[in-house]
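Novice: Quick paste of what Swiss-Prot says about this protein:
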SITE      Thr46  site 'Part of a proton relay during catalysis'
BINDING   Thr47, Ile204  pyruvate binding site
SITE      Tyr109  site 'Part of a proton relay during catalysis'
ACT_SITE  Tyr135  active site, proton donor/acceptor
ACT_SITE  Lys163  active site, schiff-base intermediate with substrate
Amino acid sequence: MPIFKGSGVALITPFKDEESVDFEVLGRLVDFHLEHKTDAIIVCGTTGEPSTMPDDEHLEVIRFVIDRVAGRKPVIAGVGSNHTKHAVYLSKKAQELGADGLLHVTPYYNKTTQKGLIEHFKEINDAVSIPIIVYNVPSRTGLNILPETMKELSKLPNIRAIKEASGNITQVAEIAMLCPDIDIYSGNDDQIVPVLSVGGIGVISVLANILPDETHDIVEYFLNGQVEKAKELQLKLLPIIKALFIEVNPIPVKEAMNMMGFNVGRPRLPLTTMTEKNREILKKALIDYGINIKE
């Protein structure tokens, strides 16, 4: 059984002016997704800026979201690390806190080999008893999980899914062919329909932070056989999706949410605020779609 089908939001983490986590706003964001069509909440994925958090804060954010959701939707905890023992530690803690699943980015910077990937994920698999989503995002990590490697990983009982953000649809199709028991989620908002067309069952989405219903609807339309409606909505959203990635994620999505009145603060350094030129491009994309700007 899949961890979820549909749209999983890669939830942002709101910060106060002095950069502490704004738990009051975080609670409102969680409630927003509970009230809308979001199918799962991914806390402390890349969009949630866990690389800027010490472990105690990272785990407190995970705990808070799990408690707030209270079992109403699956909560998947981002606990990836390029240090295997650290990844194991965070995984065990997230499981203890009640996470429904774990999202693990591949080791980054030190990168490793395909053999190292298998050994890394085997250690994590053996340490927990909840589902693991492998996250392949070579543009950030410098490391690509090959389909043959994913086939080996699929033999591990807790490796249940992959978030595929390589941008290579042929590779996604090869994973679907070689790994029939692995659920595939698009890791790119501009490729939801293409990934679904080769066997995907959903998306882990940045876009869903601001348009949760529309993101869910793309997947629902496609999986219900309304392929043309899914395609039309995917294309209609493309200008906003492009604007959300005009600078490094999550800079634009946080700016968009602030424009919409969510008051999520700015990203932590080394990420910064948007340039004025790009901010105007983002603002125009939101207005053109019909989103109410409250600034």
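Note that Cβ sites are derived from N, Cα and C of the backbone, with glycine treated the same way.
Tell me what's around each of these sites.
Specialist: Note on Thr46 (site 'Part of a proton relay during catalysis'): other Cβ atoms within 10 Å of its Cβ, all shown chains, come to 23. According to DSSP, Thr46 (site 'Part of a proton relay during catalysis') is assigned to a helical segment.
If you draw a 10 Å sphere around the CB of Thr47 (pyruvate binding site), it holds 24 other CB atoms from the protein chains shown.
According to DSSP, Tyr109 (site 'Part of a proton relay during catalysis') sits in a coil region rather than a helix or strand.
Under 8 Å, Cβ to Cβ, and six or more positions away along its own chain, Tyr135 (active site, proton donor/acceptor) finds Gly45, Gly80, Leu103, His104, Val105, Thr106, Ile162, Lys163, Ala165, Gly187.
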Novice: Calculate the distance in Å between the alpha carbons (Cα) of Thr47 (pyruvate binding site) and Tyr109 (site 'Part of a proton relay during catalysis'), and round it to a whole number.
Specialist: 18
Novice: Calculate the distance in Å between the alpha carbons (Cα) of Thr46 (site 'Part of a proton relay during catalysis') and Ile204 (pyruvate binding site), and round it to a whole number.
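Specialist: With distance taken Cα to Cα, Ile204 (pyruvate binding site) is 11 Å from Thr46 (site 'Part of a proton relay during catalysis').
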Novice: Which whole-number value in Å describes the distance between the Cα atoms of Tyr109 (site 'Part of a proton relay during catalysis') and Ile204 (pyruvate binding site)?
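Specialist: For Tyr109 (site 'Part of a proton relay during catalysis') versus Ile204 (pyruvate binding site), the Cα atoms are 23 Å apart.
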Novice: When a 10 Å sphere is centred on the Cβ of Ile204 (pyruvate binding site), how many other Cβ atoms does it contain?
Specialist: 29
